[in-house]
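All remarks here apply to the structure that follows.
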């Protein structure tokens, strides 16, 4: 036997994979003894399981079907029934043991429900999917429900939807369970679930009179409302249960006879009464019952949506319609919220008997709904010929119009109502119906063509409908058919009258224009064969091919070209050629088609732009790529036009707005001789024509900047100033080569483009032609100047001597460390050179003249740069160089021994401390300018550029850095201002400098914080701790991180910047030579990368991350493979995009075809 224990309780109440416990299964199959035993073993009677979170009592209320006592023992004796335990994991053995210990009966009892259906044995987790049973109540002296309640099962337990066991019993029509539950005084007969449904609501909804009678006998609330304010009577009427409705009405009449009429006519939240629902159900007995108990067939136009009569017309029960009209004949012509009368509903649904009955009463046969459509319109729309005949025989007017000015024939033509149209054409109103138009001047035949109703068009034409009339847009039926691609109708109309093919609309569009504009290519050959002019222009001066190109209809354009449409305009024509139009709208496929069929790629628009420039300006990348991939791409690039304040070429436009397309051009300008990459004679052929277009015949105007037209001024001075300003701007533009493609790449920040092989080869060519020599000559001059300046400063470095005044004896005396300069009244300043050696002799006596001469030359060179580009003087290198040479001249002049008055200021200031200060600053600035000038060197220049980039990053942090220094330097000044022995913090300035030095590590802890004579204040240690944490640790690590965090990116960027500096210098040199340089420009170059080359001096200094390093075996191959793969990928993307577009078009056509087939099938089914 199973005995209670904590472990066993856990197993008994464990839920299986379907969220049910042992007790749920035992209750479901009426195993009373097992239920009792499980409860005696402390199984939880209120455990919830399943998707609905039902308790065992909910299950018992649903599936109780007979007397529970003794039945379960017989059912468990079957050995095959032991499979029930297999779905329980750890509890399986306990259940099997329980079954084996039950007494065996001689025979297995078979249990049936009230319908005679055998209750099946357990078949897995689907035991809840049993049939709803209307079970007869059996004696229940010893039942599962009783056993559960005795073990404190909650008789009013709620499931997931807040339904109680009593709701379950009513919902499942289980009378036995319902009667047993109602015997307990604690049961809540008015319990409501989440939808506020009571057990009586469920009984009424299920249509079980016996369950409803039991609940009513137990005083269930007949007036209870659910969530939608529906009473049980509403639900009984909605589901069509007259027996339940009669029980409810009888009970209500017994309890509250004076309120019976109010109850019968009560409306729910949707303003529907029980009579509305009864009319919807179509049960005649139910409608009759409600009318017998005082239901009223009324309609409140302000609050109600519809009337019971409307609903009865929808269901089509003539008996219900008769009952309702007899109850209230005034409702026969009332309108619902859609302004529809019962007559309209009957006509639209072809309820002939109801229609005939309603017409016998006083109804408005020509009343209209919210669309101003009468019953005749509604019947015509659905092709209900019988209803149309009945209405016309009853006097319905054919001249009525709806809100779109449609007559019944318009409606029939639009909806392909062939039978109605045929009948209308047989009436005496035939001509007026066919010739009347709607608000858009469409006749019925126009609407039939618009909806592609071929049979309807034939019928109307055979009925003498006009085929040459135009609507408000100037469209004839044939023009509509052409614009929509309805070939069958088009051919039929052409067969009737060939001149219809050459008709035009109000915009002078022919049928060919409309077909091409909408992409219906199969219409085009038909129209061309009928004599339509393929090159005819509409009032916008556009041909059919122009329209096809503007809309991107490839097949339509192809059909027009094959029909001998003109591809190019005349020489002096003002019309845009199709190629220009296709480029403007970015239709790449059409561009390829037109170019392959001989379109002139050099044609221009009114602004002087060709197709490539238009595509670039309109940001049509696919169109640009299509032009560049054509065989005529070079002709498109050999063009210049004005743009953005200067003369532009297509390549410049691409550099400005489409750098990726510019790279495509660069790829096409570099080729090879098709030999293997590692072949000794492998040749790379570079075409620099489009990069050096300023020096070509077709591109000479690119050197000039257009003179802007200034506003006219009456002042002669302002006119002269404007002309001079324009002259200066143009001159500077020429000198600076601002319009060169390489300059534009730098100006626009296209550094990645500078890494292209073609650009590298061009820059190398320019560098080696002349810039190389000029650059290294200046480096040599700077080196000589810096060497002699350094030697001069070091050789003359000494403290100043005391100057000799007029009344003093000549005595050589050093000023030592005195910083007081007093040269007032001096006549001579002695100069004692160092030991007389050959080196000092060279630097002092000859070096000062060399420094002066070279410094003056460098200063003159900088002065000439003002004429070339004044902005270059504001670079860091130029500023250091200018200040360096000026101070070098000042310092060297102080060593001159001339006694003349002009030079007195130089040789007297030797006796001041400013002398060596000037020399020190001159030496510093000269070295800095020299280092910065080395940025263009092949290897070490990279490191200089990297340093400048990191320095710029640091400058962004300087404000924060300075504030952190101030945060500690000023407190240190206050704490150490009396430490005159160390003399480090005695002034705010010294305190700031000392704190700055301490930040990098020179704290001198013992000197300031570990002294016996002058111990620091206690607060000093706290400030020192914070200083060490913030400045010495966090701040310094932050600075290191800023410097080396993205070192690889800094390295790569440095290469591009160094190359940009080389390009700038080459451009400046070319601009200085102007026209004399043209003859040295190379437009084509053959390069042999595999030929043996000597090692340069810098070859040992290899930079591993150099993005320009040329690996002769791998680098170029990888670049080519990557470029080819990208090209293939882009081509595949374009192809897929085109295929997707085709598939979408096919799907749209198939969808339209299916909709038309479904509509026709529905029409046929109604017939």
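Keep in mind that glycine also has a Cβ here, set from the backbone N, Cα and C atoms.
Listed in TrEMBL:
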COILED    1136-1167  coiled coil
DOMAIN    877-1054  domain 'Ion transport'
REPEAT    18-50  repeat 'ANK'
REPEAT    195-227  repeat 'ANK'
REPEAT    228-250  repeat 'ANK'
REPEAT    270-296  repeat 'ANK'
REPEAT    304-336  repeat 'ANK'
REPEAT    338-370  repeat 'ANK'
REPEAT    371-403  repeat 'ANK'
REPEAT    404-436  repeat 'ANK'
REPEAT    440-472  repeat 'ANK'
REPEAT    473-505  repeat 'ANK'
REPEAT    507-539  repeat 'ANK'
REPEAT    574-606  repeat 'ANK'
TRANSMEM  773-797  transmembrane segment
TRANSMEM  838-859  transmembrane segment
TRANSMEM  871-895  transmembrane segment
TRANSMEM  915-934  transmembrane segment
TRANSMEM  954-976  transmembrane segment
TRANSMEM  1019-1044  transmembrane segment
Here the stretch out of 838-859, 915-934, 954-976, 1019-1044 with the most C-beta pairs under 8 Å to the transmembrane segment (871-895) is 915-934
Going along the chain, which residues at least six beyond the ends of the repeat 'ANK' (270-296) come within the CB cut-off of under 8 Å?
-> 228, 231, 233-234, 236-242, 245-246, 249, 253, 260-261, 264, 303-309, 311-312, 314-317, 319-320, 323-324, 327-328
Non-local residues, at least 6 beyond the ends, that sit with Cβ under 8 Å of the repeat 'ANK' (574-606) | 537, 541-543, 545-546, 548-552, 554, 557-558, 561, 567-568, 612, 614-615, 618, 620-623, 625-627, 629-632, 635-636, 639, 641, 1134, 1138
Beyond the flanks of the repeat 'ANK' (404-436) by at least 6 residues, Cβ under 8 Å = 373, 376-377, 379-385, 388-389, 392, 398, 442-445, 447-448, 450-451, 453, 455-456, 459-460, 463-466, 1159-1160, 1163, 1167
Could you count the residues of the repeat 'ANK' (507-539) that DSSP puts in helix, in strand and in coil?
-> 15 helix, 1 strand, 17 coil
Spatial neighbours of the transmembrane segment (915-934) far in sequence, C-beta under 8 Å, 6+ residues away = 778-779, 782-783, 785-786, 789-790, 793, 796-798, 800, 876-878, 880-881, 883-885, 887-888, 890-891, 894, 909, 940-941, 944, 948
Could you pull the average pLDDT for the repeat 'ANK' (473-505)?
-> 94
